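Heads up, the thing below is written out as structure tokens.
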Amino acid sequence: MDELKFRRQAYGEPNCQDEDFLTAMHDSPERESFLNDLKKLDSKLERALKVDVPEDLSAKLLLNQQLHQHQAQRRKSGFTLALVASVAFIAGISFTLLRMGPVDLGEHALAHVYHEAMALKVDDNVGFDEVNFQLASMGTLGNAKFTKQPGKVYYSTDCDFQGVKSLHLVMQGEQGKVTLFIVPLEDRMVLDEAFADNNYIGKGFATDKAYMLLVGEDTADLGYVKEEIKQTFI
Amino acid sequence: MFSRSRNKKSSSTVNSDMLSKQRRYDSLVRALHADIFRYAYWLCGDKHVAEDITQETFLRAWRSLESLKDDKAAKAWLITILRRENARRFERKQFNYSDVEQEHLEDVFSSSSEDQAEQHLIRRQIAKLELEYREPLLLQIIGGFSGEEIAGILDLNRNTVMTRLFRARNQLKDVIEQPQARGQSNG
């Protein structure tokens, strides 16, 4: 190792432990003392570079991190809350929209008859005034009413069946009982002229104020009640 | 609701992950905060700014602690973050601190004895060194990095690093070993 290379190395890295460098140093006492001077300089530099560190710096660093951590968690939980809220919101909206969907009145009428089977058994002998009162209190049928008693009425109640408001009447037909639903006119309703299942047959028609749905066991009964309604319901 | 039990299980592992991350971070702070602060100080020449940069550096380190795979590389990794933070500071401020402040390096470490007077002088001289000479020297003496490692951190080749180290020591040796002449010219 020549003198220039040795000096460059000594200045660049006085604590170098390369064998070449160490051998070169041991070659001459001048080099050794030269290197010792540099090492002394280095230890002075090291002391000078080691400026005082603020005493509580590490505590501050940890505190700062903890604070940020805390904030991040709060942001995260805020996000979760927002997520839950929007899911609930979407659920609410879609539930409402589902209820707004089209309603098949025939299906609805049959389901309702099965749902309130007891309606066919009771005999309240309801007067047409009382029926008119219930019609009026539904509030969605305008001033629709019966002008006189439409034959015998066994049962009358207003009900909300899966979102469809209607008046539920059980009337006397020619032979058997006929269930009549009076449903306010609404766009989402789909009216079937005739419908049936294994036990019942049904007829549907619209007046200018409401849909009328008749459910019974015999066609003749249905025709009979239909005529009666047409004469008494305005 | 059905996911609650699953959540509980995974949240406990998350907690233990958090705990070990916290422990790792704690030891990182304790072991390296002094070196990082000193490096920051010699980069910017101001105690308070250095503290700010150190805070930023460690916070950033916390956020990306997962990316530190090898704990032995922690110091170099932190210094890389620190240098980036320092550069960011210049982008923000739009003027060069090192030009302004290093000339008026604040005398926070007051000197009473002769030894401290000498140290003060050395500090002034180090602060006066060009940054490109000062940084390799810092990395070598404070950081304890080899020429190769310094080259890696500063993104230079090793020969350039060695040359800069040579010049840095050369300049410092000259001024420190003739304090008289230097002191006079400084007034």
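Each Cβ is built from the backbone N, Cα and C atoms, and glycine gets one as well.
Per TrEMBL, the feature domain 'RNA polymerase sigma-70 region 2' maps to B:28-94. Annotated domain 'RNA polymerase sigma factor 70 region 4 type 2' per TrEMBL: B:121-172, in sequence order.
With DSSP classes pooled into helix, strand and coil, the tally for the domain 'RNA polymerase sigma-70 region 2' (B:28-94) is 60 helix, 0 strand, 7 coil. Counting residues per DSSP class in helix, strand and coil order gives 42 helix, 0 strand, 10 coil for the domain 'RNA polymerase sigma factor 70 region 4 type 2' (B:121-172). Averaged across the domain 'RNA polymerase sigma-70 region 2' (B:28-94), pLDDT in this predicted model comes to 88.
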